[in-house]
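One structure below.
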Amino acid sequence: MGAWIAKNRTTVIVSVAVIVAAYAFYYLKNDIAPSMYVSAWGYAIPLVLAALVGVIGERSGVVNIGIEGQMLVAAFAGFFAAAYSGSLLVGVLAGIGSGLILGGFLAWTTVKWRMDQIIAGVVLNIIATGITSFYYQPGQLLPGLMPKFDIWPLSKIPLIGEVFFSGTSIFATLAILAAIGVHVALFHTRWGLRTRAVGEYPSAADTAGINVERLRLINVTLAGTLAGCAGVYLSMDASSSFERGMVAGRGFLALAIMIMGAWRPLRALAMAIFFGFINAVASQLQAGGSIDIPPQLTGTLPFVVTIVVLAIAAGRVRAPGAVGQPYVKGDQ
Amino acid sequence: MSETPTVADQAAAPPPSSGGTSGDKKPAQPLAYLLTHQSGVVILVALAIALLVGAALIRYQGVSPWYAYETIIREALLVDGGLTRTLQKTAPLVLTGLAVVIPLRVGLFNIGGQGQLIFGAMFGAWVAYAAGGLGFLGALCGMVAGMVAGAFIGWIAGVLKATRGVHEVITTIMLNYIAAGVTWWLVTGPLQAEGSKTSGIPQTELIPDAARVGAVAGIPIGFVIALALAIACWWMLSRTTLGFKLNTVGANKHAARYAGININRIIALSMVFGGGLAGLAGALEAAGTLHRFEPAIGGTLGFDGITIALLARANPLATIPAALLVGILRTGAPGLQFATGIAPEVVDLLLAIILLMVSIPVLGKWIFRSRADKVAAASTSWGN
Amino acid sequence: MSTPENTPTPVPADTAPEHLEAIATSDAVLELPPEKSGFGEGNVGEVLLDLAGLTKSFGSVRANRDITMHVRRGEIVALLGENGAGKSTLVNQIFGLITPDSGTVTVKGDSTPIKDPRDAIARGIGMVHQHFQLVPVMTVAENMILGHEPTRGGAVLDLDSAREMVRSLSAKHGLPVDPDAEVEDLPVGTQQRVEILKALSRSVDLLILDEPTAVLTPQETDELLGVMKELAASGTSIVFITHKLREVLAVADRVYVLRQGAVVGEVATKDTDARGLATMMVGREVVLSIDKADATPTDTVLTITDLHVLDDRELGAVNGFTLSVRAGEIVGVAGVEGNGQRELVEALAGMRKVVSGQMTLGDLDLTKANPHQTHHAGVGHIPEDREKHGLVASYSIADNLVLNEFDQAPYSKSGVRQFDAIREHAEAVRTEFDIRSSGVQQSAGSLSGGNKQKVVVAREMAFKPRLLMAAQPTRGVDVGSIEFIHRRIVDARDAGAAVLLVSAELDEILSLSDRIAVVHGGKVVAELPARGADRTEIGRLMAGDH
Amino acid sequence: GCGGSTGSSESSAPAGSAAPGAPTDDSNCADEAVFCIGLVTDTGKVDDKSFNQSAHEGALEAQKQTNGFYKYIETQDAKDYAANMAQFTNKKYDAIVTVGFLMTDATLEAAKANPGTRFIGVDQGYDPAAVPGKNVTGLIFPEDQAGYGAGYLAGLMTKTNKLGQVLGLEIPPVQKFAKGFEAGAKAANPAVTVTTVYHPAGDNAFNDPVWGAGEAKKQLAQGADIIFGAGGNTGNGALQEVAKAKGAGTEVFCIGVDTDQWDTVPAAQPCLITSAMKLITEGVTETLVTAKDGDFAENQTLGKAGLAPFHDFESVIPADVKAKVDEVVKQMEAGTLQTGVTL
Ligand SMILES: Nc1ncnc2c1ncn2[C@@H]1O[C@H](COP(=O)(O)OP(=O)(O)OP(=O)(O)O)[C@@H](O)[C@H]1O
Ligand SMILES: Nc1ncnc2c1ncn2[C@@H]1O[C@H](COP(=O)(O)OP(=O)(O)OP(=O)(O)O)[C@@H](O)[C@H]1O
Ligand SMILES: [Mg+2]
Ligand SMILES: [Mg+2]
């Protein structure tokens, strides 16, 4: 423990400082702070899920800029499957399934066909926009609401319980569990070691007897399910409708979150919440009306803050070494 | 067979030796290769497959594919003024394509074309209006202003990348939002046209006639500028020492440093170039199409630029046919809906399929039973 | 099992470049009496590995032609050949990294094709690759267990037992490494040690070592040779690739010599010597020790005073380094790798910030100069890592030859590159430095290692530098090319250049230098004339024993 | 309203459609007897549940009533407005509907170039000096009045004296609704505070229900008990969020916009007390029908705006509140009450 703290001094200091500040604000501005935290977390949920898709893909050596498209199709498929079948479960499964299929598409084209990963992602996004717009149907309704619940006893913790564990939903809970799960899996399991090796230095993995192509195929495909969850969350949980273009750039923001999180799941979780919080601050500035800043300018706050924070603090985070490159064995 | 360089090999970012010194081989001329080389055939086959898939899609809508394609071609090229409109649409696409190509050569992925363009359009429109009294000179000022504004946005991303190591993908995404917000604020506030203040319409003053960029004999001047810049970019990249520096940084940063190249400056410069080109695209849209700034001026030009750069495999000259293809499809789409009722999104699907087909490296293998074709490596720059 | 054939395969005249044609037909090619072949020393047993008719082409390059060879249990077989002869290609086929065009690989009687490394590992083959196959951002322990991870409950990594494994392996083979160190932070010699331990971490019947000693110090090399002998004694077969004949003679039982992708000879080491092996490889006599005139040094060109430089981890690497080099002399910097040599050279080349101290070239201050300025001040720099710093692989030879002069006349006029001038320059240099390629437009990345190095050497010498810095100039280069590069370095000295030679190769230092500076801990611990220098004394100084 | 979604607006259906006995194609539009209607959307689609859809439905209805022919083009790029209108004028369409204030200038120019064609610009207020002739009318709506009425109702209903508005992009029609709402609320209840958030500029400002829902949730948490959702699907997201909240329909309420959203957003029914309506569909139909008959109000047509029925909340809203709101609405219609909204 002591050694871990020594090794991660900056992380520990930053985390403690952030947590202290968060509680201070919570107790000092009790009229608005809780709602801002809730809003921040609500904003962060799809970003976390989507950023994890990016993390898994890039840790395996595959850039996924098609997350936006994966989410869009999943939101579409989930919503309409639920509407037509009359079952939320069917919708959720359809959404996750569509994420899986698109993950498979990205995996197959980039790994098997060695298509440029950026191009594959761009293609995926265009197709997703086209299809969901083309086959959009107005006037459909979800058969019901996604369940909300409290996670006792965590929900009793001041602030944290209120924000993360009460009145929460499956996907909100999943976002936390997935971030922890992917972190543990990536850094503490056999799969994770192999995945990181494949993403950093595939020929080292290959010569160690690891099937690089297969691992990449599996990872990128399965990560699609998380993109599916993010999409389903948007159309079935955070709102109850599907609209064209409703992902509204969240897939790309997730990539930014992934990079800000230095390709680490828990850090990405922290960054998504941070980003969500700045968003809440931005709309609070607008709503508060005390200072008269045009909403267009307050709206840019999260983006300005992100850039400034990165410029001051970030320094050089390093992408997985082999990201973007198809693995070609010696003789091909 | 695999010994001869293919289009892809030549165009891959960065290209081997940027053409040039060849005594025994032809220099990299994508158009020539397109016509004479194996990859040219691969591209044609890819296009044909894409059109067939598109045909199936259109058929499924209950419309004759033949009629649909004919309509697009007719609307985009044959009807009165169609060609002019197509070229008008192509011009900014060439530029936003180049705005992605140049940083890509240095190993940077500029997805900020949209923001750079919007910013360029805003300031281009404003300066052209303010300097409208100068006539032609005013138009020129507008274009320079647009370029500078776009370049400024690009420069921010470039400098942060070079000096602070902030990933350009983050900054360019963020700057897209910031540019949209700032221009929106300007156009509803300080720079809003006097006449629009009561109605609240977000638009700037109209650029006076004399300072607009029109067309000569049906050829938009903007298109000529875009063509000239595409050729200039190609020349710069393949023939000049500056191009050599850009390519070298993209090919091997360490070697570039060793060779005495100031990497940071080149990285920032490439983004300045990219931003400037996108900004110019915006200024041209303002001066040539809408004659003022409106927030919707950018359309999807910035993001189309990515598609075009990838279609062109990071080759400046190839952005011309790639942009023309997009221009034709987009110009023909409304006419297609008018004639057949097919929603214009079909064109995006078509474009996606074309990009997919053209970019499948194994397609060449399937056709020629030869080694897999190498495709421009956009994503190999991602990790840097 | 029949005795494998070993008739040398003549190089087909139609594809061989002229300059090699003479070699192929020269009588220097050794033909061995059949009865002698296949029997080395030691406890050799049955044939473990049998290659029959292996052929592999890359496009028009025929990297391996009809190769037939075998290795017996407990035998150490060396593969010798010039750069690009096809050694790595051959062993990569045994390890399943490359699929042969034709021919069979039989391991322990099983001749089903080896699909991939996984397959090779399953059959008891281990390999140390020519290029490191280590994940730089992972720890030694993590690298070591990759592919055969100890786990708890089948999924969770058991890093404790991994560390334990590293420690016990280290101890057993006398190759110390820290299991928790991140690989990218380690000096190359240590990385190589990790590679070797990694290969030994799985029990193997056949161990392939592709130039494992290229980056090792003499001591480390000796340790490795010891390990190899032990392994062979316990029944492990070893295929050993190296360019250093001393090592071949020290451990190998038999040697196969490759040229132009074909086996041109096979010999038992007890029947040959260094000169014989070199001749077999290159096809002519090779001068193994350079004969040079005494130095006639004149003015001091380079003065380094109390220099301090940090490494990538911001730790002091060069700590108070003081040295001067005069025109017309070669000063060799001897030292175990990782004692600040790399940082010193990079600082001199303007690629690394100087913390304090001073460097001057004549009366020019280089302390704050950037690479551009140092180059134009007359500093030639043959970098240690040619693939990373020295070359742009995707560029042509011609472009690489003007990599740091590209914006100078006559290669550029007002910012426009002059391709005719560039080509003419390249043609001339290519002839002068004997760069073997299809032409000056061939991409540098497709050259063999020795020829890549020649491109770098040629570029740095062509502009007649006042100071030539050569860092590990012959690493991984075959004997023929070593001879050539050494000759050129001495020529540069004789033409009046000051030469700073940095090498981990003590032999190289001893044979080339006029003066030797031994470094340890980032500073010079002794300066002595090369003539009459004592190997063991220098070795002791290098180890920090002073 | 566009309630009941007749399916007439499926995007995959051919754009041209005809009632029985009506012309089946546009080859005879030049013919006096054949009434051809064209519609050009703002960048958006005819099933956007917003102004494009309303106008589209109005045009469809007009086609039925006039026994004419109707076709639309969905604009993808703001720079195509002129070209898209030209598709119709080339075929000598009789009336062209252009949707959205962004097309103001383009519509005037097309009207100038095609004096024989009648143009109806939805949400377009023209400067009388710029209007080229009698063939163009801007169909505008007193959104501020609808907003005022809704705000007045909300001001009387609120228990917490806190109201919220979740809005789309900050553009004139939306601003008028919002400022009207605030003015009405303050007029009814000076103690009230109104929290207003516009979607930050972006391409999807009207298509981001997730953002709308998030903002609504936040405003509820900060004590607002009535939320006005005005901004296409973004606003709808807010309505749906309120409908899911604890106390929906008893303690917290929502107010819709544009059409009677009781029909268009059924998921909002648990909280939807009324909608601030702007009757684009009816306006477009009526204007087109009069256009066919020839008596076309040049320059400007004032469409209707008002409050939608209370539906299930008829019994929830106290009678005196209803009476007061009724009174205010009547005064606005009569012109005796000004909302005081300027942009
Ligand atoms: N910049 C940051 N701001 C706030 N919290 C952070 C930041 N970086 C990391 N954290 C938090 O610190 C904790 C540890 O993160 P880190 O990524 O360092 O894990 P780790 O040390 O690798 O964990 P393990 O010991 O399980 O391998 C996490 O809870 C993470 O959310
Ligand atoms: N993947 C490849 N593609 C094309 N050519 C290759 C490839 N790998 C090797 N070659 C070529 O095959 C020949 C043999 O290369 P190989 O690496 O086997 O040589 P080597 O004997 O190991 O040389 P060195 O001593 O420099 O390591 C060389 O001409 C090389 O350029
Ligand atoms: Mg850590
Ligand atoms: Mg080799």
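For all residues, glycine too, the Cβ spot is worked out from N, Cα and C.
For reference, TrEMBL has these:
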type	residues	note
TRANSMEM	A:12-28	transmembrane segment
TRANSMEM	A:40-57	transmembrane segment
TRANSMEM	A:69-86	transmembrane segment
TRANSMEM	A:92-111	transmembrane segment
TRANSMEM	A:118-137	transmembrane segment
TRANSMEM	A:157-186	transmembrane segment
TRANSMEM	A:217-235	transmembrane segment
TRANSMEM	A:247-263	transmembrane segment
TRANSMEM	A:268-287	transmembrane segment
TRANSMEM	A:299-317	transmembrane segment
Among A:92-111, A:118-137, A:217-235, A:268-287, A:299-317, stretch most in contact with the transmembrane segment (A:157-186) (C-beta, under 8 angstroms): A:217-235
Positions whose Cβ lies under 8 angstroms from the transmembrane segment (A:69-86), at least six residues beyond its ends: 46, 50, 53, 92-99, 102-103, 106, 121, 124-129, 131-132, 135-137, 140-143, 224, 227-232, 234-236, 241-242, 245-247, 250-251
Dominant neighbour of the transmembrane segment (A:268-287) in A:12-28, A:40-57, A:92-111, A:299-317, by Cβ pairs under 8 Å: A:40-57
Paired segments the transmembrane segment (A:217-235) and the transmembrane segment (A:12-28) in contact, 3+ CB pairs under 8 A: no
Positions whose Cβ lies under 8 angstroms from the transmembrane segment (A:118-137), at least six residues beyond its ends: 63-70, 72-73, 75-76, 80, 102, 105-106, 109-110, 242, 244-245, 251, 324
Residue numbers, six or more beyond the limits of the transmembrane segment (A:12-28), whose CB comes under 8 Å of its CB atoms: 5, 34, 37, 158-159, 270
